[in-house]
């Protein structure tokens, strides 16, 4: 065996491959022949079974079933029926050469299988009629009784007569009755003959393919071996260094791929050798031309090699000269030879040294400082070498000295800034005293000269304070002590403040001031609104100061971030301030941003200022992630662009104008001669989903309005225009034009110009707007003019200065249904409703409202949205579904914290919407739209009440943290007693709401928690607790969005605001006299208040017995009136005995009785 293996290894590759392929092909052919035999045999057997089934099925169908029935043991085998049936079976057998036995079977009464007739001719082979077939196949035994179709054995079986493959078919009469089974057998010898025939065919195929296999093995061995031999020869040539060798193997298989890979490898090796030579040349060039000195030396100080930089540092012409003159580096090159010994010690210790500084000597004897990095190179048996790099430190040391001097200057500058900041503070203190005392003096009796002097003192003091503030800000920025605020704010408010600040100044200078923001600019932002306003004030103030005529336009646009993955909540805004002033010379464009510098630096300059404003504005913009740049043309004007990066608030905090459906498509005519203002007004009107048409003069407006096909609902009229001014144009529209529909006219005037108009002139106008027109102001004015104050979007600080000249009517004799679940809110609403003569019925939830609403008595319904039992929206839907109640106006009253409340109210069928905390003016305006004065009652004119004083009467000297007493008293209609009652009620009912909400959230009662926050928010607004109202709004939104986190800043702020209000209310003076009942005369009010008070009492009994006793005393008079003194005393006794369970049971029984009585 070993000898044969050795002889095989001596064969060439071609013969080895030939033998291997032959063996593999022979094996494959043998396997293929075997598989072919198996497949053919299985197919032959399948065909045979199919044929057997067909034969027996056809034969059974052709037999005379009635004849078969007559073959019985009683008739015997000699009967005519038996012989005729036997001949029929013989005919079947003789018709098929491979059938050996054909017979019929029948089941007896016991279900046993018995022979009837067979086809055998020899009496010795014939089976007697009625013979039991006790060794029938398992398949026949299972199916004999139920056989309905042809059945063929899947495998051969053996009985007493031999081994067979059998088929069976039922024998049926003409009417389908089965009377027997026909069987046919093929012997196993016949089956073996079939198998031998198939085996012969398979062997013939194998013998026919064997020569082809031998030829294929030889051809494959030759085909594969030739390129492999070529590869071997090519590899030997590459090993000898011939990298240009290439193989020409043109094949598409793996060997061809291998050949091409070989050629590619040879090409890459050649390219690598070329690159290596280039790299060697490059590093040689780097070595020769490097700015650092590179060298090799022996440990004993002999120089081996050095580059040109090293030679230049040491002052030698070439390497040979250096070697000739320097035999010991330590003594001849180092100024201090000990430095080299120290460095060598460090190298021996750690193998290398970096940045070792030492003083070196040049060839001419001069010295210089350099930095050396050195490492030891071990070369096996050869002596070690030292490789190093030397860097001349002359220039670095010069820079370090300059940096030290700059640092000293910077420290001096910081000291200066600190001094300026301290001095600014020191100056501001007495200056504030001067300004304050001047204000006080101006309020005393003065003659004209004294008043004039003091007014000038005040103006000068304000100018000095502005200078000091600029210096203070500048010094803070330079000292790095200015910190930006990160607070939520409204961009509309910033722009509104800017408008209010400069509108009068622009009016004085007869300049058109335009302020606008693009629709894509978000309004709800997070950042530092004060510093943003400071930037805009600086830029806008400069623009107005330097502009003699024309316009100053302030626009806000959004800049899309250049990165593909911007930060989600960040937005970059560009504030552009463009003027038509004198412009700035190009050589001064950068100088104006320098400290104490101005565009006009001459002694005779016309405009004052410190020259710090633009410098501060630019640095503030840079602190806010942006900057300021300027473009200017002398004689045409300047354009300043300030960019800042701010964060966005939640989308739900954005207040977008939502135009009511009936005002969409409103036709508006804009009459404005200034092209910029005209374009901005058109853009704003179109953003409200209204149709805008613009003209540039009063004459064009009259012409357009006179056209028969031009009908307008609203005219926005500029006052000051060439030709016909706005007022004269309005007169002509009212008096001269015969219009089918006279439009509403809103005058757009300069700052406070409408105050100069006579009453007759004001009468022809519907409203006024001041320039510049703010988008929110414009929207709210249009909403007010067309009776949709509920859709207004501006807050209290951004009320449009539009005068609609309306007066609230007197509703004496009318009655409304107030649906409100919070007692304090009910008290506030009732006070205001009573002030205009309305009678009020009360319902505490939507279900009660449906029951108590009487269209014959109630002129309107004031409906809260969020209430227990049934909310306002569901109640409205059910009221609208009742024909007898469907026509009653329903006005929503709720704190609209969630986006889409207005749309949901209108969709539910409500007619109007008033936001909480209730603004009396808006409440009266809504009522006036839906309730007519009672018969015989005239409309009286009322004026807005003066701001109430919170420093007199019961509130004198009272100060409550977190509560604006003046605002709360105003919302209570200046009723101090009512207001105090509301304050005490809040302290009793809502002080612990934060804890209850946290319990609800922990228990998964999210809707209960949100409703509680909603309620406390509404009550806080009515009390004047503005911070608690705003933080409650944020907390409600957080819970509604499913993002509650007790550790979040929102929840902590809400809890802190609630604690602040509650702690302040603890200082309220106690009520004097006997506590009054909660109700105010109306039985419905009394019942509702009692039930709510009892519910609070149940909670307090679990939490605070002291407060529970106080609550019981507060409810006592009303409870005695309704339920008797004994019931109240029983609860008090239970509390005194600390039997809290009994007290709670008694209170709950009271609640049940009150509900039953109502």
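Positions of Cβ are set from backbone N, Cα and C atoms, glycine also.
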Range annotated as transmembrane segment in TrEMBL, from 129-151, 152-174, 175-197, 198-220: 198-220
Among 279-320, 667-786, 815-931, 975-1075, stretch most in contact with the domain 'PAC' (354-405) (C-beta, under 8 angstroms): 279-320
Nonlocal residues around residue 718 (4-aspartylphosphate), in sequence order (Cβ under 8 Å, 6 or more apart): 671, 672, 673, 674, 677, 726, 748
Between residue 864 (4-aspartylphosphate) and residue 1014 (phosphohistidine): CA-CA distance (Å): 11
For the domain 'PAC' (354-405), the number of residues DSSP places in helix, strand and coil: 12 helix, 32 strand, 8 coil
C-beta crowding around residue 1014 (phosphohistidine), within 10 angstroms: 26
Assigned conformation of residue 864 (4-aspartylphosphate) - DSSP reduced to three states: strand
